[in-house]
Amino acid sequence: MMLGPILLALMSFLFTVCSACPQGEFSMLYSTNITTNSTTNSTNHLDPRWYSVPDLRGMYIGPWPVTKYDAVNGNQAHIPYCYVDAWAVSNLAPLFGEVFSKFKEAIDQSALDFVPDPDCKGVLECECSPNSNPNTLRISGAPANGAKEGTRSDASCGFMYFSTEPGRHTVKIANYKWDDTAGHAEKVLEATHEIAHVVGLDHEHQRPDRDVDLRFHCFALRGAVQAYDKLEFAKDNPDKAEIPYPAECKDLHPIFCLDKHLCHNPTLAVQWKFSDMLPFTLGNLWPQNRDFQRGPDINTSPIDTDSITIYPSFAGAVKEGDSPIFPDDAVLLGVSRDDDKEFPIYTGGNADPALAGLSASDISRIVQLYPKNIVKISGSDGW
């Protein structure tokens, strides 16, 4: 059976990257993992996360990274890394030195660590070599060699199942050069967000219960006005429209069609070229090719608006880089449970990116995913 182009696009979006950072002044994302009461002793049991991936087999292999359990010396979950080319060594190696420092507290409390690939070309530079392990995290510019602007940073997700293709674990940082001091702190934070995805943290603002603690203003997103215009044209000109007006919106005005359907349905969003909506889709609304699963206490754990991987208020906004005003131009707004007041969200919990970083919830999730002293009970599928 052949897959339609929309489903193929969605599958590519889901399985290729964990995130794509919006560009501009507020291009950092944030995510937090809630702390659940359920604990696991096996890295291939994904239930503790607020959502996870299906139990795939065949062309796919087990979740990565894998914890090596050692009751004597303590557990180890080392993520080997290398830089794909000389440009990445010169520009991104210094950047990631700062990024890994942002994880120090999590590393100190867990089995997690980042280590140079033992087969790197050069001990300090660590450029990837033909002998690098297929599971090594490959760090590059986006595109490689920093060739041009206009791309987005992204990373493969830890604790996901991957194909057996070598080089499947990647992080790509867009539009950055080490000698460009403007925006350096923002880029460190953006890369920290991507590494948080690599170790298994996912977007807090995509939790199925997001709307309890956040407000999503879809109309403030880039592409929303254009999507509305196309819907209006299709409804008023059914014989001339490129694609028919959505059946789900048969009796709805285009403004309500956008609000109730395109702003929440990833399949429709792709069909109507409103891709800026995809990173805001609630986890339980994705197609079956990625099966989101809740942790046991998701409804009792408030959204962590200080997390390193939750989107900031103006991410993806029409006025993202043009002096946006809160709350009018914001896409995501925090909402107080006490008095219903709205407040802005910042990457890593601080308006100053140099001071922002992993939240206490992020760290506790890493400790849970990579326990330092828990003895493993069941087997693991490996990398």
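Every residue gets a Cβ built from N, Cα and C, even glycine.
As given in TrEMBL:
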- 1-20: signal peptide (SIGNAL)
- 191-216: domain 'Peptidase M12A' (DOMAIN)
Model confidence over the domain 'Peptidase M12A' (191-216), averaged pLDDT | 88
For the domain 'Peptidase M12A' (191-216), residues assigned helix / strand / coil by DSSP | 14 helix, 3 strand, 9 coil
